[in-house]
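Taken verbatim from Swiss-Prot:
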type: TRANSMEM; residues: 15-35; note: transmembrane segment
type: TOPO_DOM; residues: 36-470; note: topological domain 'Virion surface'
type: CARBOHYD; residues: 46; note: N-linked glycosylation site
type: CARBOHYD; residues: 54; note: N-linked glycosylation site
type: CARBOHYD; residues: 84; note: N-linked glycosylation site
type: CARBOHYD; residues: 144; note: N-linked glycosylation site
type: ACT_SITE; residues: 149; note: active site, proton donor/acceptor
type: CARBOHYD; residues: 293; note: N-linked glycosylation site
type: CARBOHYD; residues: 398; note: N-linked glycosylation site
């Protein structure tokens, strides 16, 4: 075969392959367009599909064209109504685990914030964990000295419940070293307290935008709940303290609508001390169980009505629930006065169940270790010592810390009552352990119709970290 014949042969073969390739593409397109849509189980090629995720991540509009998806991210629409939250609390026979973030364990090798004061609050579509960061990460040099409560680096951030407080999923909420947050059914309201001790300011955010402020009125570390505020029929309530931590201070209850303060009242409580209230809605009122950091080992109780009238006293039960505290057998209880002579304290909570009360407390009487929740018959109204239920959440070999309350709204549960829930903070690092940092993780429990076995859902991180050995 001469060279010209070889060229002609190669060219003919190449041309044949090109024609065959074109025919194969035509067949493929014909099958895709004509045959596949004929199957009743598949949507048409150019159908637009709206996918709404039950979380605050995104809503997608997916336009399907042949084998290509075009995804457009849409802004989540506002709910068109406020949550009611006037229902009574559901009766709880026990508390089942809802979530656990394991933030410190993950943070030994992950990008997790150094935090304290975590708490949970829920909207009609989700629950979120809020926390106060220290503007630093675990196992990093900036974590040094984070045992300090107040600094210009502290911020309120949040993640979806169960997620660790990591840099990739956290959402900024407010600049704050003290905070509260709640959802009215339409938008989140957050309140962050920041600034110098003598002139601190609380900034109210609604839907992520600053909408109002509260300036310190007593000039002594204005502070708030470190747990969920409470919204009832579109109006949101919270409690603030300004004044000494170890003697008489000043206390106020506030009410806001869509981020604007519409009312406040001074709470008269001579001889009593109120800090870090854990509040929840119940039968149209706000019920709070707080911390007495002055003398009482029983907890203050504050019940706020929609018109901001209130009743204030102490949890009646004949068992103390603050830490440090004395022996149960030596405690008598009082509905009106602080009992015991133990200064300091720890944030805690309680739930009214008719005349009974569920009350959480550390297992240790002297330190923030272990955690249990007790049900005391008639403990909301009498100095009763009759303990009818007890559940251990963290054993006494492991550290606990703050604890607080929130409820699951009926929009989430589809029940006709509000599910009582609580969280327990588990503090690690300074001052109890040999580290340069202080941080915490949390376990969250919700009321159920069954008794739940004792167990220890403790933090579990192995300390010290690498940064502590340098």
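The first residue you see is number 1, and the count goes up from there.
Glycine too: its Cβ is placed from the backbone N, Cα and C atoms.
Remember, predicted model here, so these are calculated numbers, not experimental data.
Positions of Swiss-Prot features highlighted on the structure.
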residue	record	Cβ within 10 Å
84	N-linked glycosylation site	17
144	N-linked glycosylation site	15
149	active site, proton donor/acceptor	15
293	N-linked glycosylation site	22
398	N-linked glycosylation site	17
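Among the recorded positions listed here, namely 84, 144, 149, 398, 149 has its C-alpha nearest to that of residue 293 (N-linked glycosylation site). Averaged across the topological domain 'Virion surface' (36-470), pLDDT for the predicted model comes to 92. Residue 84 (N-linked glycosylation site) and the residue listed as 'active site, proton donor/acceptor' have their C-alpha atoms 35 Å apart, to the nearest angstrom.
A Cα-Cα distance of 22 Å separates residue 149 (active site, proton donor/acceptor) from residue 398 (N-linked glycosylation site). Distance between Cα atoms for residue 398 (N-linked glycosylation site) and residue 144 (N-linked glycosylation site): 23 Å, as a whole number.
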